[in-house]
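**Q** The structure that follows is given in the form of structure tokens.
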């Protein structure tokens, strides 16, 4: 028999103010001292049974796993602690068809290992991890198991059991593609809702969907016209929460959440960063949430994936496109001819010009930027994923969230507006444990970013070229000449402005 773990924190599980002598936050993931069986009260009926093999594992092995993968789990409640699910064999019992697709993976990723036991146990969870960390399956598997355990997998009247909110249509489609594979194997229907297409087919799909993956703007629209009722939602996910706030969707998110049942809802938030604006949002709708952090301090300076070899070349502005053609020619020949290369530009017009240039040079190229319609964007992404195009020219609309497998190289033709965007861009390579490469063409125009870039390079133990050091190591205030001090923490007391072009 395994250990049965769940939690009872009373009817009111809202965060409480810290008392003077309150004990400090505890880092969890040690094993409970004895078998514990407690129900969740009104919040959830979830019960998690920890595998006996996992329970018998020496604590030293658990500690080593947490340290090796830089996993920190912080829980301020008195709930029993649970151990990370290190192997798929440690998963709680469920329909074997749900787990069968996992055989293609060697083991859970760190974010999956740490969040699965908590989510299976019905806890509210905040996951802080880099993109490409396996978070879709981290929140997706517990979601599907929760629906299976409820005994109801057929739904009608547009009353879904689970809602997953994503900042962009591309990311929503990507999540849907992964979730639907697992859901379909056990007879659960999922649908994807986003802007830029007609609503009629979406309304029809909503009628029988158990899981809705959606962008906030379109979901809010369909709510307003009565096409979907969120009153039965028991599992709510906010993916890329920091990015949704950046894009001005805070009020839409709050409106959507307020229409779901607080007393029965399990809430999950995933974010790459942890600024005050995201913390404030979490505090308004999550109860006694456990925070799982993979890597360093998310509120500190941005850090690049250490598996990515970063190269910075200081060039003249007028030489950038010539150098880009050289780099592609050097990196797409012989055995590497089919390697996927992601090329980033700063503006739409620049991206369109670079795409035309590369096409004229006979590269197999596709593009993705804000001027393309829905069909054109999906067509470009599909071409790149399938290998029909080996070069994808993108603006920052593709910098975060998009899961494009096997990108070997990222080339930054123009440095982004912030070093955070730089880290997100190059994070398209070196995913799922693979090695990656990133080459950045840096010009005198970008010199205000030199100090921050040097810090990122040093933190990842990468070579810093002397030409870059000449621009200085001072970290400037986060602002851009054309946009001013646009990069400010969101004021949680003010309503955000919705940007509609990407939803």
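Yeah, the Cβs are placed from backbone N, Cα and C, and that goes for glycine too.
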**Q** Using Swiss-Prot as the reference, determine which range in 235-238, 239-242, 243-246 is annotated motif 'DEAD box'.
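**A** It is 239-242 that Swiss-Prot annotates as motif 'DEAD box'.
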**Q** Examine the ranges 95-103, 104-112, 113-121, 122-130 and name the one recorded by Swiss-Prot as motif 'Q motif'.
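**A** Of 95-103, 104-112, 113-121, 122-130, Swiss-Prot gives motif 'Q motif' for 104-112.
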**Q** Once the DSSP letters are reduced so that anything not helix or strand counts as coil, what is residue 129 (ATP binding site)?
**A** coil
**Q** Using a 10 Å cut-off, grab the number of neighbouring Cβ atoms around the Cβ of residue 133 (ATP binding site), all chains included.
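**A** Here the count is 22.
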**Q** Please list, for the motif 'Q motif' (104-112), how many residues fall into helix, strand and coil according to DSSP.
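**A** DSSP classes over the motif 'Q motif' (104-112) add up to 4 helix, 0 strand, 5 coil.
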**Q** Starting from the Cβ of residue 134 (ATP binding site), draw a 10 Å sphere and report how many other Cβ atoms land inside it.
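**A** Looking across every protein chain shown, the total is 21.
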**Q** So, three-state DSSP: helix, strand or coil for residue 135 (ATP binding site)?
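**A** SS state of residue 135 (ATP binding site) = helix.
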**Q** Treating G and I as helix alongside H, and B as strand alongside E, what does DSSP give for the motif 'DEAD box' (239-242) in helix, strand and coil?
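**A** The counts are 2 helix, 0 strand, 2 coil.
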